[in-house]
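J.: Provided herewith is a single structure, encoded as structure tokens, for subsequent inquiry.
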Amino acid sequence: MLFGPQLEVDKRLVHDRNSRAKAAEVGVVKRRGKALDAVSKARKIRTPKKRLEDTRCIYPSVWASLKFKSSDTKRTRSAFLSASQSKQPVCVTNADSFAAAWIVAMLLERGYKVRATVPVRNEDVNRLNELPQAAKNLTIVETTLLTPELCDLAVEGCEYVIHTGTPASCMVRDPVSEAKDPWMHTVANRIHLIVPAMINFMKACVRARVKKIVLTSSVAALCDSVGANTVVNDLCWNTESSIDKNPHFFALKLAEEKAWQLIEQENMELVTICPGALMGPSICGQPSIPPGNQVVYDLITGAYAALVDLNWAVTDVRDCANAHILAMEHPDARGRYICVNRTVWLRDIVEVLRTNGYSGRDLPLQVGLPNWVARLPAYAQQLGQVGAALYADHPSNSQPSPYLSDRIVDVMGLHFREVKDTIIETAGDLLKWKWIKPWAEDCEAPECAICGAQFSFLRRKHHCRECGRIICADCSMSRAVVEGLSERARLCDQCVQTSIPELIENVSTKMSSGAIMALESLMENPENHDLITRCHGIPILIEALHSTDEEISYPAAGTFLALSLDVASALQMVLEGAVLHMLEVDQTTDTWRQCLQALRNIWRQINRTEFRKMLHSVSRVSTDAASGPLKANILLTFVHMMEPNDVVDLLKEGLMDVFYFMLRSLETYPRCAAAHAIMRLIPDSYNPDTSIDIPPFHVDDHEELLTISALSDIQFLVKGHIAPINAHKIVLFVRNAYFKNMFGSSTTTTKRVIEIDNCSYNVFSMILRFLYTGKLTIDENSSQDLLRAASFYQVTVLQKRIEKFLSDRININNVVELLCLANECHAESLRRSCMPFLLKNIHAVVKLDSFAEHHDWASHEILEELSNILGSAWQGAYTEVKLKTKAKPNTITIPKPLVLASPLRKSYSPAFKPLQELSPPSRPRLASEESLAEGFC
């Protein structure tokens, strides 16, 4: 029953709490539970209340001006304002907000020129330009109104201003927004902006010589809370709210209070409109649901389990907008005006929704709960909203609301819309902006909306959660995880066809966890697998699989797990490299467990002869596969799924070429994929001997001779060092082959100076000291430079010692660098130590920047060692790769990126970019002997 008990008179239902009919049209006014015999929809007459003149409820600083503005003194009546009389634009602040957008629309409809201010231009603001007459009469200014200069920009050249931008522009938000984003800003940090912002705006209006300001306030500025016997008129002030208690109310009161204090000394008129909980349709899409409309949303979506005595002082947003314009136009509009239609209880709103097409929603049970339940979290948020209250609807209450709106009706002639229509249009607005889904009534569907089959005892009715149509079970085999619902929602087949592409796009653009979870749940129906592959969703799922957020990677792996159960989708996963990407997942995470189960399913598929034939057919027939990427995905997948001894059969399919090009890739993933496959091929028995035998070096200790310069017959001048190093030809001739070859059989005693430019002073000194004494302490800082010098000067014993020193310190971070050094210095012992370590840790090594820098020659080193391990067939395949590279470097097929023609976006490619042609590895050479000979004097 709508708004309490009613009687039927002339087949119409009219409630006596909504209004009083005129005396000539009213039969008898009855108490609550009685109805009125209404014969027309003329303007309702409210019971007048004596105006309160108690100054204790008024702020002294604003009492004088407010009492003057509110008094009914006789004065000359001015003409009503009209668009034809106003040549200057009307300024409307915060024009993209819920109420201001309607103000702009109504002003344009009446022919006014409008200057609308918005904090930020966006797609919602553009809807204002679509209003009638907007192209001619609407100007949008982007400003935040936080500084005097920005306020001047808004009001300059305007005679009338409708200010709805405070405190929204100061970021003081309602309790619902506070609960959603508590981290945004603290209330204390925001509330101190209210007064300065109002001062800046009012002074800007004074400078612009504005005639009248219409300010949007709120019933929250009148009182903190109301009860069954409370009476609130326009002279009341909220003296209870504070920064600790209802700070949102406190901010609204501060804004209006400061406005009245500033206007008292200025030759300018001020009118404030105090609406209640605003409900109704919206013009601009809001980033969040308006607080008043949130009430209807919560009821439809099941936020309330049962009924309590919550009620709201409801104002239709269009009535509020109309009140602002009437206040601007009416010459007698002064002071404050309460704009509240009537109080509506929770049960009344539920009844309206139930009888107007929303009975199938999650409306509260028709069971009354005690009012202390309203203090629980599910209800408590609404108690902090503007216009919300908690008290019972007593039959003795003859007033439609504790907030008296008689003055706005009497002075301005404002007509309020029916609350029932406001509620219905609010629900329709939630549908329009897709805050809620459509929902058909059961009684309106005798047959399935998709297949047309008649419903019966065996063919039951089901609702699609997306489109709201009533369908049968055969046409709704899919279930989806929907945010806000505890159970999975049923979707019809037609909605699934459109939802999966939208979910894939959402994952690709926003990497939304909700979208990927919904996608995972939809893949439980095998009929939907084909949509993933046709919409090029596998590369996007691969990208989600590598997300560091496990709320995204885990359902992505779950989606692959569902796809792996189907032959066609499993085949597509192999072709697009999903198997290789799943192998790259961290094995310590929950995501890996999902991937492991999916890999097991694919392994079962590959063991089937038919599945292998399909893969071989694709790799041999498809042009795309012949170019590289698909072929690499297929062959590497086979490497992981076959026994290592059987992988040799893949060499004739081009497996060695795949390894070669993937290891040389500039991207990390292809190198990792190839490395993972190589690790599987290395036998467990691979453990070569890496010990290094150091030959003895028994010489006499001539350190004392090295320090006596008088007996030296040769000097070495190291580049970058002034002092020469004294030495003895005979010692060097006897103990080192390099210097023996340099000095020959010469016995001259003439001193000679030899320039050294291929090593540092310290390194060359260490070489000489070792030749003289046979002793040397090797440290990590100079070991590599010392190895280069020992190799160049042919100090074999020292070179072996350094190789032993470095081989004991091989790790993942330096193995590539040491292998490069071994090749440079022809240090075979060090190389034999590096290669086994590199192969056993290849998956971690190929991710390093050092490997990417040396990927050309390092690839050859890895494949050569792998071929030597696996036997002659592999050695032959590697030889063919080298011959093709040397003979025709420009004709070798290089894998290109696997780009799928997705209508959504450029797909994430599991393949590779074009690689540079292979050039033989160049080894830097040290200075030649001829360059040293040039230093002889």
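Here the Cβ of each residue, glycine as well, is placed from N, Cα and C on the backbone.
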J.: Tell me which range among 54-79, 392-417, 678-703, 912-937 TrEMBL lists as region 'Disordered'.
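T.: Of 54-79, 392-417, 678-703, 912-937, TrEMBL gives region 'Disordered' for 912-937.
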J.: Where else in the chain does the repeat 'ARM' (536-578) make close Cβ contacts, counting only residues six or more beyond its ends and a cut-off under 8 Å?
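T.: Result: 500, 504, 507-508, 511, 513, 516-517, 519-520, 523-524, 526, 529-530, 584-585, 589-592, 594-595, 597-599, 601-602, 605-606, 611, 614-615, 618, 629-630, 632-634, 637, 673, 898, 900-902, 904, 907-911.
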J.: Using DSSP, tally how many residues of the domain 'BTB' (712-780) sit in helix, strand and coil.
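T.: So the domain 'BTB' (712-780) is made up of 27 helix, 13 strand, 29 coil.
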J.: Reported in the order helix, strand, coil, what are the DSSP residue counts of the repeat 'ARM' (536-578)?
T.: 32 helix, 0 strand, 11 coil
